């Protein structure tokens, strides 16, 4: 197990350097006027020009620039926005709301996705199976930019069940509708994967063995079918985090939740380059670390991985 | 991205015939895999619905005039949120444009972006996947690391940075920018699927036989491996096309994709979303068409995949 | 090859009850052709049978059904079908066998002959659908497994009748340690404590001769060799001390040297624990030393059953003869190997008449038309489902 962790950590360091380099290079490499790109359409005063040049060490060679950027990332110093606020502050204000929203979304996704997937997988070809399968297909095809405003229109404006916007200090209740919207795609993919996984495992030889032992049907399903079926689903949670982040940008924007996503959206719309680069870098790191954790969890759940 | 992953990892790439359960028997007539798949496909209503929708969307993209004669850019703020009248069967939006006409004309940008981005993705994925799978060794290791790095950045986040960078020289509608962004970032799944198919095909006896007869790598890849690796590859590209259209709309929604005068469902949804209390139809119409288009491609890919998957055959 | 009547031993089981002349393997309920026994109570004429070859017709009596409760496990006239895309596959067609404590019965047949399906039906782990048990009985201590409540059935399963599967790597759950899996049933069904379960796991692993059992108890299935994994399977099946152990091709996936070890182990354990052992296999060589009696299946039917010495020494059915002839033997070196031509029939379209006739070197017109009944030969517990008595086959062969 220890060897596995070390190997994965080393792999992650390589990927980490690669991804941050790509993100940075995308923004700054080989550009005529990177400052104008950072600032977007607005005119760049000499003062701002000087601050930005200093902040990104733009008069140094490119690799040195990247070195400074990495140093900043690792020490938590993300620089300042175009309006002069430290990006770290903006982020720490926004994180709690986003984490609440993301956890709630993940909770709904796991709860509904795995339950429905298990039932559908056990009763393949039943009415429940066909209905949920058709439903998930629709949800998978439903872009979040459609789902979020429509959900707001139907459940917020027309039916009035949930607040249409969450406001500056969102309550847990105010986050339920956004979380359902955000988690919808994950719910659907999770359900489909659980279903496929369960349907395959139900026919596995070791499940037949478990039945041959005379275990109760409930135990066969919970201890043998479900446990083994969850292994691929766990990896999906890691991959899905990327979808969740993208979704959070739209969802927080539509429901006006003051989180990381809506700040990033604001940064995009106000053409605040430093903020966008800083936020994206941090989100990429979060994504990488989560995927590492998921990989380790995977190794805990599946002993075959550990001893490879 | 996640359903792409599913396509790649859970059900594809294993085309070896499943051993039938005890007592089951091989079908009396043995057809080829493709013929068998087509036989299954013809009986699948989802396939026909998806195919019909795809044809409809492409028709809208090519000849929008067939559906709506009105000019989508002839807007008049005096008609803001006006109800249906004359040709404008769905009424007018915030800027007083014909909602139905704009929705119909929005198909073109989506289809253009989707098709070109998928072509780019397909070419990159095909070349990388083939090379990695066929030659293996350090080339495979290197390409795998590259895939890891690209996958390490969520598609939308990378697209945000990249499109901001590419949009620095801002002119035109932004279609080329979005195509390049999606093409550069979206090829990994296609490459993975191609690689695993090539790995499977490479170990087959007929490939070894061809090599023994002195066929060169190019000829082997083109004549012997590609035909067998094509089915899962096409499935992934079809589903990718759907997600690319959704991503384009999302980028446009976030104001970093297409720009006016281009007509994009994403832009219209963003504008209408802000005024949803005044009028719902400007939001609903482009939303519905975007969803149906994305859905059509995903369903099409799904149906083809199921047809080619012997495990699902009863 | 000369045929000899074994003159020793008292036949047990079949043929003890007299009176009701109900035969095994009567026609399938919907079957248009009623089974007829050639040369026996048959008034039809025109057979191309060498009836003259019947040297001792009076000794061939119809096989009788034993009275209930006579055997530990008594499967009677079992019919199983599968609904498939291409039609109804008749996989098990009127199979009967029985087994008693301390006895080893081998069920022999090619893949697809219905032997595994029969075993799974007895244990109650057959997937229904697609499988349907049409009729028959599976009496365990006189109680019919096929009609008892699901809850009672579950009580029997694993506790009274246990099963060892072919491929231990896939039959063991990859994500749990072997010790945990061996005692899972003990813990969940008998409420054995964790500490006690560990002790019992080591005990069971010692019993099946896994070296260093105490150290390996927390290892996972993939860390064991094929032979050791199969021992784990056996330990798991025996953990509840079942009365009947069904081993479904327990050695097929193993090396030849390991095969013999596992067979020896099964034989030893069967004797030590006084179980009834049912060995399902396609390999005649594997069971020769272990089995007491052998039931040969073909196309879902029992074509021959006999004690092991008789079957090896004087096989009655052409199919059994073919199987034996295809086993390589030292004393027949240089004569070339015999093989049975053709392939086993598709259970969706089993040939009319005798299912074996397309592959049978002795087949006559009658074989294509009439299905032979399983008939007792001599006074022993021995029967064959062929229109021709062994002597006739010998005569043809000579």
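Glycine is no exception: its Cβ is also placed from the backbone N, Cα and C atoms.
Because the structure is a prediction, the values reported are computed rather than measured.
Looking at B:203-228, B:229-254, the stretch flagged in TrEMBL as transmembrane segment turns out to be B:229-254. As stated in TrEMBL, the feature transmembrane segment covers range B:111-136 out of the listed B:85-110, B:111-136.
Away from its own ends, the transmembrane segment (B:45-70) comes close to residues 87-88, 98, 100-101, 104-105, 107-108, 110-112, 289, 292-293, 295-297, 299-300, 302-304, 307 of its chain (Cβ-Cβ under 8 Å, at least six residues beyond either end).
By number of Cβ pairs under 8 Å, the transmembrane segment (B:174-194) is matched best by B:111-136 from the list B:111-136, B:142-162, B:229-254, B:283-304.
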